[in-house]
């Protein structure tokens with residue numbers, strides 16, 4: 001029988017011994033003496049002695065408080081005592097097993113177990129622990145940096161855990177027990193944590209080609225070209241930047257080399273704002289009442305109609321007529337070249353000329369009707385005469401013994417003009433007539449209604465409802481004059497005198513302009529700014545854009561200077577050098593042919609001015 005020393009806390013039974021601890025071998029006599037020795041703790045002073053495992057729990061049964069006195073800590077007590085009680089319950093009678101089987105040892109030494117090394121076998125995670133510390137019935141795993149947990153089994157994600165921040169300034173990659181910092185393109189690191197910008201402009205001094213300049217930026221660089229250009233990294237040069245592709249203008253955008261310009265359509269009631277990009281509404285100075293009516297026909301363009309008549313049809317025409325024009329053709333009818341009838345105005349009075357194979361006549365009568373008011377005019381062929389009436393009152397009756405067109409079945413009627421061949425007129429007359437007609441009926445034909453429907457669909461044929469003498473409607477027309485300024489100037493020296501009496505209807509527009517080819521050497525805007533080749537050379541100060549009364553503006557320009565007056569308004573001029581260069585260029589341009597425009601510019605030149 002093997003016996004182990006009591007001081008190693010491993011007691012072997014008579015039948016077996018634990019493999020954990022090797023015990024010295026005692027003779028049977030010595031072993032019997034050892035087991036039969038007297039209990040030493042049953043004395044009067046037992047409570048005054050320090051707790052002893054043999055005395056308290058081997059020589060007699062101990063409770064948990066007595067075990068706590070022995071170990072003097074909870075960990076070892078809580079580790080030892082449950083095993084101690086469990087052993088007693090399975091091997092010793094009188095506790096949990098009142099009838100022990102034969103051969104079961106009754107000595108309490110059988111139930112004393114050694115508190116083994118808690119670090120064997122290793123309880124810690126192999127990759128995460130640094131060392132294992134054996135405790136009193138427990139163990140402690142000391143973790144390496146980057147690991148945590150009771151067994152050091154949890155990797156710390158330094159890239160996300162706020163308690164263990166990696167500190168990377170840009171990119172962070174978590175690794176088992178560690179982490180790695182990385183930098184974006186254009187940066188480098190010296191301490192594996194913080195990223196430092198690479199200054200490409202210093203590192204690669206020839207990376208940008210002149211005239212561009214290298215501008216360093218965090219993580220990158222820029223080859224910056226002059227305003228209006230952008231750098232082409234493929235060709236390594238500054239190329240024109242098409243700003244119009246970036247929607248920089250509210251209206252029309254025109255790209256130029258190194259720049260751009262924005263334009264607003266004044267005919268749509270907008271102008272360029274002060275930022276030179278946005279379009280803003282043009283303030284109205286005066287309401288023009290520029291409403292048109294689809295049933296009022298404008299006589300600004302000539303047109304004609306064919307009529308196929310019955311054999312007994314007589315010439316007839318009736319319509320309402322309005323004009324301020326003193327002279328022009330209202331209608332002209334012909335069947336053959338030798339038979340025709342003309343109704344027009346001369347000095348504001350009705351004039352009739354006609355010719356057929358039987359007679360030729362011209363007559364004028366009635367009061368002047370070019371007063372801008374509506375007048376009902378009728379022409380009717382009667383038996384042996386032709387009657388003309390104004391407002392149902394006959395003003396002339398012309399003898400015509402024969403039919404006007406001699407029973408010709410086909411008649412062509414021209415409105416507001418003459419055919420190309422008009423040499424047959426008795427007295428020449430201006431064919432152009434600016435006026436309006438409404439409620440018209442020709443030859444008493446139902447076909448007239450069909451023609452009216454065609455005109456209703458063409459806005460250019462519609463006439464204004466309200467007009468005044470001298471009125472000029474914005475965006476709808478302009479006056480062109482071919483003036484030879486050389487007749488009024490000395491040789492190689494221009495002399496230009498312009499006097500205007502104006503009352504504008506809007507705050508922007510062109511009053512006066514000289515146009516040469518596709519350039520505008522001189523122009524005057526409604527806001528009384530004076531431009532030479534698009535450069536403002538003079539401006540009237542302290543003048544309301546919408547002045548209530550007529551304003552008389554006088555401009556005198558010559559090679560020596562520019563002088564402008566407008567009532568009592570003061571004028572500011574550009575610097576003398578700019579003005580001198582502009583006048584010299586104007587003088588040179590006016591040696592050639594120029595067009596003079598009043599009240600606007602032709603469409604192709606509209607983009608040359610910015611007001």
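Please read every residue number as a count from 1 along the shown chain.
Cβ coordinates are placed from backbone N, Cα and C, and glycine is handled just like the others.
What TrEMBL says about this protein:
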type	residues	note
DOMAIN	40-86	domain 'Gla'
DOMAIN	115-153	domain 'EGF-like'
DISULFID	124-141	disulfide bond
DISULFID	143-152	disulfide bond
DOMAIN	197-235	domain 'EGF-like'
DOMAIN	294-463	domain 'Laminin G'
DISULFID	436-463	disulfide bond
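Everything TrEMBL records as a feature, shown here on the structure.
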residue : record         : Cβ neighbours (10 Å)
124     : disulfide bond : 23
141     : disulfide bond : 22
143     : disulfide bond : 21
152     : disulfide bond : 23
436     : disulfide bond : 22
463     : disulfide bond : 19
Same-chain residues at least 6 beyond the ends of the domain 'EGF-like' (197-235) with CB under 8 Å of its CB atoms are 184-188, 241, 243, 257-260
The domain 'EGF-like' (115-153), counted residue by residue under DSSP: helix, strand, coil: 0 helix, 13 strand, 26 coil
Measuring Cα to Cα, how far is residue 152 (disulfide bond) from residue 124 (disulfide bond) in Å? 6
Let me know the model's mean pLDDT on the domain 'Laminin G' (294-463). 84
To the nearest whole angstrom, state the Cα distance for the pair residue 436 (disulfide bond) and residue 143 (disulfide bond). 104
Per DSSP, residue 436 (disulfide bond) is which: helix, strand or coil? strand
Distance from residue 124 (disulfide bond) back to residue 143 (disulfide bond), taken between C-alpha atoms, in Å: 9
Cα-Cα distance linking residue 463 (disulfide bond) and residue 124 (disulfide bond), given in Å to the nearest integer: 102
Alpha-carbon spacing, residue 141 (disulfide bond) to residue 463 (disulfide bond), which is rounded to whole Å: 102
By DSSP, what is the split of the domain 'EGF-like' (197-235) into helix, strand and coil residues? 4 helix, 15 strand, 20 coil
